[in-house]
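Listed features, source Swiss-Prot:
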BINDING   Gln116  substrate binding site
DISULFID  Cys22-Cys178  disulfide bond
DISULFID  Cys88-Cys192  disulfide bond
DISULFID  Cys138-Cys147  disulfide bond
MOD_RES   Arg139  omega-N-methylarginine
SIGNAL    1-18  signal peptide
Amino acid sequence: MEWVWALVLLAALGGGSAERDCRVSSFRVKENFDKARFSGLWYAIAKKDPEGLFLQDNIIAEFSVDEKGHMSATAKGRVRLLSNWEVCADMVGTFTDTEDPAKFKMKYWGVASFLQRGNDDHWIIDTDYDTFALQYSCRLQNLDGTCADSYSFVFSRDPNGLTPETRRLVRQRQEELCLERQYRWIEHNGYCQSRPSRNSL
């Protein structure tokens, strides 16, 4: 009789996993996203890495909205080059609105030419504006609509991180993105604030 219950349990687990939709078009984003409330300083405390060379840690981003309602951002963080050369690098991004207020096209580039540049989707998956935000970008989709190359940041207003309750919420949203256990924590030790200008790009 035990094997019957085991089969029932396996069927239930299989059915639950089959219900999850990992197509990018199915992902929920923040409803009624407010750019003005989102503006200001954010500390990246975890990220899912894409292909290519991006900022690695000590990442601080500042979002701003101009008088015409256009959003832009600057970011600074540490990058390791040639395995042993560490520098602080700056990146810049401008955002184009779409029909969904939480979905943008982000044109970004590094002040230094070796950094990644592109024009990616930039989605705000969730935020409460005051403590946390979860961002997601898919740069390349598979034929079945799932993502082949994505990156995602968990942002906090506090460099010390998030509360346990907020972390649980973020993990739930990461699972909805089919990215559970793919993030790594980002260190903030003041590296780029303490570096001389010759170590910045």
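Even glycines carry a Cβ here, placed using N, Cα and C.
For Cys22 (disulfide bond), the nearest of the recorded positions by C-alpha distance turns out to be Cys147; the candidates were Cys88, Arg139, Cys147. For the disulfide-bonded residues listed here (Cys88, Cys178, Cys192), the lowest count of other CB atoms within 10 A around the CB belongs to Cys178. Cys138 (disulfide bond) is 15 Å away from Gln116 (substrate binding site) when you measure Cα to Cα. Ranked by Cα separation from Cys178 (disulfide bond), the recorded positions Cys88, Cys138, Arg139, Cys147, Cys192 are led by Cys147. Taking Cβ-Cβ distances under 8 Å and a sequence separation of 6 or more, the neighbours of Cys147 (disulfide bond) in its chain are Cys22, Val24, Cys138, Leu140, Gln141, Cys178. For the pair formed by Cys192 (disulfide bond) and the residue listed as 'omega-N-methylarginine', distance between Cα atoms is given as 28 Å, rounded to the nearest Å.
Highest local Cβ density among the disulfide-bonded residues Cys22, Cys138 belongs to Cys138, counted as other Cβ atoms within 10 Å over all protein chains shown. In the shown protein chains, 17 other C-beta atoms lie within 10 A of the C-beta of Gln116 (substrate binding site). Shown in sequence order, Pro50, Glu51, Gly118, Asp120, Asp121, Asp149, Ser150, Tyr151 are the residues of the chain, 6+ apart in sequence, with a C-beta less than 8 angstroms from the C-beta of Arg139 (omega-N-methylarginine).
Cys138 (disulfide bond) carries a strand DSSP state (E or B).
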